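Per TrEMBL, these features apply:
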DOMAIN    22-429  domain 'Major facilitator superfamily (MFS) profile'
TRANSMEM  37-55  transmembrane segment
TRANSMEM  61-82  transmembrane segment
TRANSMEM  94-112  transmembrane segment
TRANSMEM  118-137  transmembrane segment
TRANSMEM  158-182  transmembrane segment
TRANSMEM  194-213  transmembrane segment
TRANSMEM  244-265  transmembrane segment
TRANSMEM  277-298  transmembrane segment
TRANSMEM  310-329  transmembrane segment
TRANSMEM  335-363  transmembrane segment
TRANSMEM  375-397  transmembrane segment
TRANSMEM  403-423  transmembrane segment
Amino acid sequence: MQSSTTFPGQSSLVQRRQANKAVVATVIGNGLEWFDFTVYSFFSVIIAKVFFPSASELTSYLLALATFGVGFFMRPVGGILLGIYSDRRGRKAALSLTILLMAAGTLIIAVTPGYAQWGLFAPALIVFARLLQGFSAGGEMGSATAFLTEHAPVGQKAYYSSWIQASIGVAVALGAGFGALFSALLTPEQLESWGWRLPFLFGSLIGPIGFYIRSRIDETPAYATVERAQSPLREVLRIYPRQTAISFSMIVLWTVCTYAVLFYLPSYSTRVLGLPSGLGFSAGVLGGLVLLVATPLVGRLADRHGKRRWLLGSALAIFCVAWPLFWMLNRWPGLASLLVFQLVLGLLISGYLGGLLAAFGELLPTRVLSTGLSVAYNFAVTLFGGFATFTVTWLIAATGSHLAPAFYIMFAAAISAGGAALFRDASSGHQSEASA
């Protein structure tokens, strides 16, 4: 069980200032990671034309999605290596490194000429950039979660860690905002020629700012006083395999909803529903804002009333509404349906995410928290999230059913509901079943 964080000799005001600085530093870096994934997903149709030209539009699009997914093969590698680095050298050192790697990959995508100019070397560079980003992202989530939960005041771990999830909302809203703005201001030819690169350039500029902020924050008090694990990965696999497996199962719904709902909807609305791209982007802004506002509120409630009820209840609710919402989109395609879809699923996803990261802090101790979470998170993302858009696109083509994404989401919800059922809140007086 992770020990409570205390701040001996420090006033509550200083404690809160440190925690708030940690939130800002974490949100900027984590937001950059998700912003890049967001804009790649949103502009994947254009990226397919620029770097993967083909006689078949579907083949070109699937190649772009496969390139998006290939970065996820590096996530477990980055998660393990950077997670070990974080548990041995500190959260601050790991987070400073991950943001530089992510910014470098984003810049490569922004400036690489298309296939027409550089031939096969162009898509090869895009693949390299995605691998670099995948390695970086692999270490970001575990280190960021450990950093915020260890900085958080006692009794507020869900609230503070929920800002990591809220940063996803910021990224989705920004990415969708860029998409809606450029779709309105630029012609399709301008957007395909150079407009799609602007969000990536913007993302690459965030990196140095985030690095500066992260380099000036303090290490977490919990990490500074805990005994270092000599072999964090071995300890996770030998002593905490059950806790890691439960963490893995609870992450499945998170990653599938992120990639198959928040990121995929603009492409789905354009390719499947035949709507103008601006409508999907506009609805995406709402989805991001819902996540930004609702997730910290749920984090507050989870700290007071327990995390398990939010995790289990939200997972079951998502299972129940996924098919009706996709049916509604196909029955009445348009902006109103897209907004209802994003609002309902956004609220339910926020309900699930609000207490999720703090739950991992109760499953795994400080000495191996970053490594254990990195292993669980990155294998779940690689297997279920990274290729979610590829999988649902292929399923739609193979089955002819536009409702195929709903069944993939329901499958993920069932897995995560099982994991949530095994979790017990330490804050409610019950020790996690996983820790027994």
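The backbone N, Cα and C atoms fix where each Cβ goes, glycine too.
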Contact check, the transmembrane segment (194-213) vs the transmembrane segment (37-55), 3+ Cβ pairs under 8 Å, seq sep 6+: yes
Stretch with greatest number of CB pairs under 8 Å, the transmembrane segment (335-363) reference, 37-55, 94-112, 118-137, 244-265, 375-397 candidates: 244-265
Among the ranges 158-182, 244-265, 277-298, 403-423, the one whose Cβ pairs under 8 Å to the transmembrane segment (37-55) are most numerous: 158-182
Intrachain neighbours beyond the transmembrane segment (403-423), with Cβ under 8 angstroms and 6 or more residues off its ends: 246-257, 260-261, 264, 268, 307-308, 311-312, 315-316, 318-319, 322-323, 325-327, 330, 352, 359, 363, 384, 388, 391-392, 395-396, 432-434
Segment proximity, the transmembrane segment (375-397) to the transmembrane segment (244-265), 3 or more C-beta pairs under 8 Å: yes
For the transmembrane segment (61-82): best-contacting stretch of 94-112, 118-137, 310-329, by Cβ pairs under 8 Å: 118-137
Stretch in 158-182, 310-329, 375-397 most in contact with the transmembrane segment (277-298), if contact is a CB pair under 8 A: 158-182
Intrachain neighbours beyond the transmembrane segment (94-112), with Cβ under 8 angstroms and 6 or more residues off its ends: 25-26, 28-29, 32-33, 36, 40, 51, 82-83, 85-86, 118, 122, 125-126, 128-130, 132-133, 135-137, 139-140, 143-144, 147, 197, 200-201, 203-204, 206-208, 210-211, 214-215, 370
